[in-house]
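These notes concern the structure reproduced below.
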Amino acid sequence: MRRSIATVSLSGTLPEKLEAIAAARFDGVEIFEPDLTGFPGRPRDIRDMAADLGLTIELFQPFRNAEGVDRAGFDRVLRRLDRKLDLMEELGAPLMLVCSNVEPYAINDDGLAAEQLWAMAERAGARGLRLGYEALAWGTHVSTFDHAWRIVERADHPHLGLILDSFHTLALPHDWSGIADLPGERIFFVQLADAPRLDMATLMLSRHHRCLPGQGERDVGAFTDAVLRAGYTGPLSLEIFNDSLRSAPTRQTAKDAMRSLLHVEERARRLEEARRADAASHRPAPRRVELFDPPAPARLDGVAFVEFAVNHATQAALAADLLRLGFHRLGRHRSKDVDLYGMGDIRFVLNAEAHSTAHSYYLLHGASVCAIAYEVDDPLRAVGRAEAFGCHRFEGRVGPNELSLPGIRTVGGELVYFTRRRADGSIDFETDFRLETGDALPTPTAHRIDHIAQVLPEGALDSAVLFHRTVLDMEPEPVVTLADPFGLVRSRAISDHRRRVRFPLNIASGRNTGAARSVSTYLGAGVHHIALETADLFAAAERLRANGVEILAIPANYYDDLAARFDLDDDLLATMARLNILYDRQGDGEFFQLYTQPFQGRFFFELVERRGGYDQYGAANAPIRMAASSQPGTFDTLVG
Ligand SMILES: O=C(O)c1ccc(O)c(O)c1
Ligand SMILES: [Mg+2]
């Protein structure tokens, strides 16, 4: 499949965009007219630049308000067209996108529109150029792909075809199953974009909130599959109008865009394969194009360990906190200044090794999580898949007889490792530690990691969603907005389908929320809190209290409100208030949670107990937590 992107999708000048697009290994590009108009050179300079970069100029766009106009108006359209055809010749663009008329004066007459598009195609055809007609979802009379197709079919000109855009098709509540029955050779071009489900005018959604496929909530994979079933063999081209991409780093966006397109191809391939497997009822047409075929996702069994970058002082302080939480020191690394702590299935690695990646991370971000390791069935396949999606492999320094953990480096510099459980139940990475198998360990206060919440800089959420979706095969939930006393926090949870690994990802939209301050103070994304699951939160809370763990104090008002909202036993409420336990309910499911005070103002721990299939994160309580932690003397007590 040829892979293309519209220049409007990226920030920067036109040459910067082309370079980033080529560096991300796209085959082709759509030139969005304003990018060219603002370029201080000749169109042929862009043609040469694209050629030097190995990029095909696939399309020039858009040509607006051309059809359904009166006679005088159409004369002007043709004059305008001739100039743009001159430009296309100089640019070396073989195809121009003509979008449906959005003016109130447009005449509602398919016969007229077909006639006028025919006349335009005749002029383009005389120069060996082609036109593609695209229905904008807000077109005055033509807003759906099938209406645009009826007009193209009626015009019946070999130089006029249909352009499909997943945004316009999926934005309207309109049946698009007919796409698969279109004649593929009459589809001249296909544009792809995703979008969130926001209740707003389609024009606003399209111009400001489109996102890369895989970042939003539309099934762009199924759309692409339908287009391929129709027999389309041209490029798949991303066309993303998005406010935050307009100011995001160009090369990073282009890399994400390629990852997104690969994601779409993989999904389309899966759908086709499922149809083939069901060939008794269907007879799928033979595939005409090659689609991206990465190694299948590894089976994600959970978080194997979380690694903290520390120095000696913070290592000792964090270790003391962990012991109070019920952790034990399990061992020391064979060759490095690294300790392993654990309880139940939870493993924390405290890395104070000098001249290491963790140390660099510590210098930049302070005591913080610098790596997460996943337990998977096949670590090498997991890394292979990540590399296929454009991730960079990380090779750490390995001592004698130590394991080289397969890993990748993320954009923020955190590492992601993959490790696997052996037949004897031990987990791979632990062989690098001299385990101190002492006395039998007492019952743990918590037994597994429930979720890891992260804060991300503004604009980084979509990219993080795409990373987890492609590399780790996780699925996002819709965005929820939470109120911090100093601003709003947008949160999107992402998890694997078995709920073994869950990440609420948070973005502060203001500058003053706890999340925003944590991003600015510590330069970038990071783990904000780690929730540990316990079978009995009340027992655990008593134990933490006895051990002197500082718990986030919850106001009495909260418990009054709980009493009003839920039919809870008075004694239970009183105990919850005494232990600072928060509560949520979902159907028959119940959720109990408490928070520790932050470690050096940096990150904190949460303990949760889930009952009866509760599947959320207590989002209703997050504003209470954020308010409680903005009280003086809590989140702001920063130490070294
Ligand atoms: O928003 C627009 O005007 C616009 C222009 C060209 C396109 O291809 C498109 O999908 C939208
Ligand atoms: Mg479009």
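The backbone N, Cα and C atoms fix where each Cβ goes, glycine too.
If you draw a 10 Å sphere around the CB of Asp165 (divalent metal cation binding site), it holds 25 other CB atoms from the protein chains shown. Following the DSSP three-state reduction, the secondary structure of Asp165 (divalent metal cation binding site) is strand. Taken from TrEMBL, the feature divalent metal cation binding site covers Glu134, Asp165, Gln191, Glu239.
Annotation comment: TrEMBL describes 302-421 (among others) as domain 'VOC'.
The domain 'VOC' feature in TrEMBL is assigned to 448-597 (among others).
The Mg(2+) binding site annotation in TrEMBL covers His451, His529, Glu606. Taking the Cβ of Glu606 (Mg(2+) binding site) as reference, residues of its chain lying under 8 Å away and at least six apart in sequence are, in sequence order, Asp450, His529, Ile530, Ala531, Leu532, Gln593, Leu594, Tyr595, Thr596.
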Candidates Gln191, His451, His529: member of the binding-site residues with the richest Cβ shell (10 Å): Gln191
Which of Glu134, Glu239, all binding-site residues, has a Cβ with the fewest other Cβ atoms inside 10 Å: Glu134
Residues among the binding-site residues His451, His529, Glu606 that border ligand 2 - Cβ under 6 angstroms, in sequence order: none
Helix, strand and coil residues within the domain 'VOC' (302-421) as assigned by DSSP: 33 helix, 47 strand, 40 coil
Tally of DSSP helical, extended and coil residues in the domain 'VOC' (448-597): 49 helix, 54 strand, 47 coil
Candidates near ligand 1 among the binding-site residues His451, His529, Glu606, judged by a Cβ under 6 angstroms: none
Additional residues surrounding Mg(2+), by Cβ distance to the His451, His529, Glu606 centre under 8 Å: Asp450, Ile452, Ala453, Pro504, His528, Ile530, Ala531, Leu532, Tyr595, Phe604, Phe605, Val608, Tyr617
Mapped DSSP class for Gln191 (divalent metal cation binding site), helix or strand or coil: strand
